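Colleague: In case it's useful when we look at the structure, here is the feature table from Swiss-Prot:
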BINDING   HIS35, LEU37, GLY65, GLU86, ASP109, ASN125  S-adenosyl-L-methionine binding site
Amino acid sequence: MPPGSGRGGRRRAESLVREVLGLAGLRPSDRLGQHFLIDDRAVGEFLKPLEKAAAEGIREALEIGPGAGSITLPAAEVLDRIVAVELDNRLASALSRLAPARVAVITGDGVSHAAASQAPLVFSNTPFNLSPAIVEALAVNNRVAAAVLGVQYEVARRMTARPGSRDYSRLSVLVSLVFHAELAGVVRPQAYYPRPQVLTAVVTLRRRRRWRSLYARALELAGCAFTQRNKKASKVLRRCLEAAGCAPPPWLDSLGDARVWMLRPEDFVGLAEACRG
């Protein structure tokens, strides 16, 4: 029975976590932000979009931070090839002993692998402190067509926020420039061992636009502007442009009384183009 459809809620995932932690001889590390998924229904929140991707022909994936393999092993039942990158070499060694041949477990830094991966699909129950860095690495890597990410709920709100909303931020601009983002599910703290103190959200990303080098400057300007998100955009952007050594474009004053949080991602791209000359 697939993990997402088990009536007992936990069962397979919890048993797997116990087995892998036992093989590795370790306890969860606060320093590494380790929280292991032990609820089968929660695993199903990740599996559903992975199954959809597989049905569309996307069958090779990179997993960042497989941990004890709660998502890895059931995902291997629907995908042809998974490279799972784990920072903790003890976990990587233990998981590799249980993983099928189609799963290659390696030790390494997930952000670096996200930026360089050849796989069209990436999935991760992300360490919360690395979520924004992972998203940015995926955005820059045009080979990545889709991603399924578990992130802190507040981060998910920023990833899916639209201009004019309270959660709209530099991260929102980054995601919107290249991805279509959807909130696919919510996982409660009790689905993890040990329990985190926050909700986790599952976010799906689908690439809608290739990354351009111009976007780096657009995000630099957005990062500067959102430090004063409630101020008049024209004044804030003028200071940000001058700090970047760029002349403000003539249309800047046409923003009127608009605030920074009202600007569209395309506005920042337009500023970057003006800055380029």
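Using the three backbone atoms N, Cα and C, a Cβ is placed for every residue, glycine included.
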Colleague: Among HIS35, LEU37, GLY65, GLU86, ASP109, ASN125, which the record lists as binding S-adenosyl-L-methionine, how far apart in Å are the two most distant Cα atoms?
Modeller: 20
Colleague: Quick check: in three-state DSSP terms, what is ASP109 (S-adenosyl-L-methionine binding site)?
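Modeller: For ASP109 (S-adenosyl-L-methionine binding site) - judged by DSSP and reduced to three states - the answer is coil.
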Colleague: Which residue among the binding-site residues GLU86, ASP109 has the fewest other Cβ atoms within 10 Å of its Cβ, if you could check?
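Modeller: Across GLU86, ASP109, these binding-site residues, the one with fewest Cβ atoms within 10 Å is ASP109.
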Colleague: For GLU86 (S-adenosyl-L-methionine binding site), which of the three DSSP-derived states applies: helix, strand, or coil?
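Modeller: For GLU86 (S-adenosyl-L-methionine binding site) - judged by DSSP and reduced to three states - the answer is strand.
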Colleague: For GLY65 (S-adenosyl-L-methionine binding site), what is the secondary structure by DSSP, using just helix, strand and coil?
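Modeller: Where GLY65 (S-adenosyl-L-methionine binding site) sits, the three-state DSSP reduction gives coil.
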Colleague: Counting every protein chain present, what is the number of Cβ atoms, excluding its own, within 10 Å of the Cβ of HIS35 (S-adenosyl-L-methionine binding site)?
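Modeller: Around HIS35 (S-adenosyl-L-methionine binding site), other Cβ atoms within 10 Å: 21.
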